[in-house]
Amino acid sequence: MPALDPVVLFFLLGLAAGLARADLRLPGAIYEFLSMVLLLAIGLKGGVELARQSPVELLPQLGAVLLMGIVLPLAAYPVLRWRLARPDAASIAAHYGSVSVGTFAVAVAFLASQGVVYEAHIPVFVVLLEMPAIMVGILLARGMGRQTDWKRLGHEVFLGKGVVLMGGGLLIGWAAGPEGMRPLGGLFFDLFKGFLALFLLEMGLIAASQMASLRRHGAFLVVFGIVMPLLSALVGGWVGWLLGLSVGGTALFATLAASASYIAVPAAMRLAVPEANPTLSLAASLGVTFPFNVLVGVPLYLDLARLIHRLGA
Amino acid sequence: MSNEYRKLLTVITESAIERDLLADMERLGAHGYTVTDARGKGSRGVRDAGWGEASNIRVEVLCDDATARAIALHLRTRYYDNYAMILFMSDVEILRPEKF
C-alpha cells in the first residue's frame, strides 16, 4: 500500500476541518476558478495527445463509453427504487451514471505518482460520459412525456460548465499541439497538483457539510454509495480491458465508471426533475462516494486493472 | 421631486434556477432587475454559497403593482413546491417614475 498522496491529505484536512466546524471557507469564486483550471488542464492535456492520433481509431471506444453511460444508471435505478420515490431514484441513478472530474483528476495524479502510463485521450471519454446519464435519469423520472423542455435541457447538458471547459480545452490542445501548448504548460500542467490540492481541500469541506443529511437519510445511501462504485468499477475495468486499454487506461476507465457526478448532474436534475430531493443525491455522491473513491477507490481500481490484465493475458 | 410609489419585489432562491427565473420576470413585464449572491439559513438548511449547488441569489425588481403581483403569482405556482424560495414585496418611493 503506497503512502497517501499529499493531495489526498488536503482532502482529509478539509474533511476534518469541516466536521470540526473550523472557521474555514474558501470563497465561491476560488472554488469556481480551481474547477475551471482543472477542467481546462485535463481537456488541454487530452487534446495535445489527441493531435497525435487518428480520430477514426477512437470511434469504437466512444461508442462503448456512451453505452456504459446508459447502462450504469439503468442498473442502479431498480436498486434505488426499492427504497426511494421515483424522482429521487432516477436522479441518484443519473448521478452515478455520470462522472466526477474531481475523482478523475485524483486518479490521474495517483497514476502519475505511481509511474503508471495511460492513454492520454481518456479525457475525451470524461466529456462524453457527462451526458447520457442525464438523459437516462430524466427519462426514468418522467417517461417520454411532453413535460420536459428538451431544448432548454439540451442547452444545460451540452453547454454546461464541464462540457464547455473540458471540450474547449480538448479542442484548443488538439489545435495547438504539444509545441503550441508549451508556453501555457506552466499554469495548466506544472501547477496542476497544487490546484488539485486546494480544490480537494474545498471538496473536503463540502463533503463534511453533507454528513448531516447523511445522518438523517440513513444507512441505505451509505451502503449504496460504496457498493455501487465498486460494481461500476468492475464493469468499467472489464470494458476498458475489452477495448484494449493499457493497465493505466483500464484503471482510469474503472474510476470513471465508479465516480458519481456532483456538478453537471445536480444542476441538470434541479431543472429537469425539480421534485427530486437534491440533498439525497448530493449526500450520496459527495458525502459517501467521493471520499470513498479518493481515499480507497482509486488505488483499488489500479489493483483491479492489474488483476484484470493478468487474468486476461 | 415626485412622490411616486412602486413595488419592490424581492426573491431569494436557489441560483440553479436563475436563468429561468429572470426570463419569467422579463416575460411578465419587469423592465429590469438586480441579482446579488446571497447566503443564509432557512427551512432547506444552511446555504453558504461555498460552491455552485449550495448558492443562493437575491433578485430585486422595481415595478408597478400589477406586474409585481403577476410575477409573485407565477413564481408561487411554478417554483414554490420544489425550490427553496422566499418572496416578499414592499412599497418604495421612487425618483424617476418613467423608469419603472
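Cβ coordinates are placed from backbone N, Cα and C, and glycine is handled just like the others.
Those TrEMBL annotations? Automatic predictions, nothing curated.
Owing to the predicted nature of the structure, the values given are computational and were not obtained by experimental measurement.
Listed in TrEMBL:
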TRANSMEM  A:58-80  transmembrane segment
TRANSMEM  A:92-114  transmembrane segment
TRANSMEM  A:120-141  transmembrane segment
TRANSMEM  A:153-175  transmembrane segment
TRANSMEM  A:187-208  transmembrane segment
TRANSMEM  A:220-241  transmembrane segment
TRANSMEM  A:247-268  transmembrane segment
TRANSMEM  A:280-302  transmembrane segment
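In this chain, the transmembrane segment (A:187-208) lies apart from the transmembrane segment (A:58-80): fewer than three C-beta pairs between them fall below 8 angstroms, excluding pairs fewer than 6 positions apart. When each of A:58-80, A:92-114, A:120-141, A:220-241, A:280-302 is checked for Cβ pairs under 8 Å to the transmembrane segment (A:247-268), A:92-114 comes out on top. Comparing A:58-80, A:92-114, A:120-141, A:153-175, A:280-302 for CB pairs under 8 angstroms to the transmembrane segment (A:220-241), the maximum falls on A:280-302. Cβ atoms under 8 Å from those of the transmembrane segment (A:153-175) belong to residues 35-36, 39-51, 101, 123-124, 126-127, 130-131, 134-135, 138, 181, 263-264, 267-268, 271-272 of the same chain, restricted to positions at least 6 beyond its ends.
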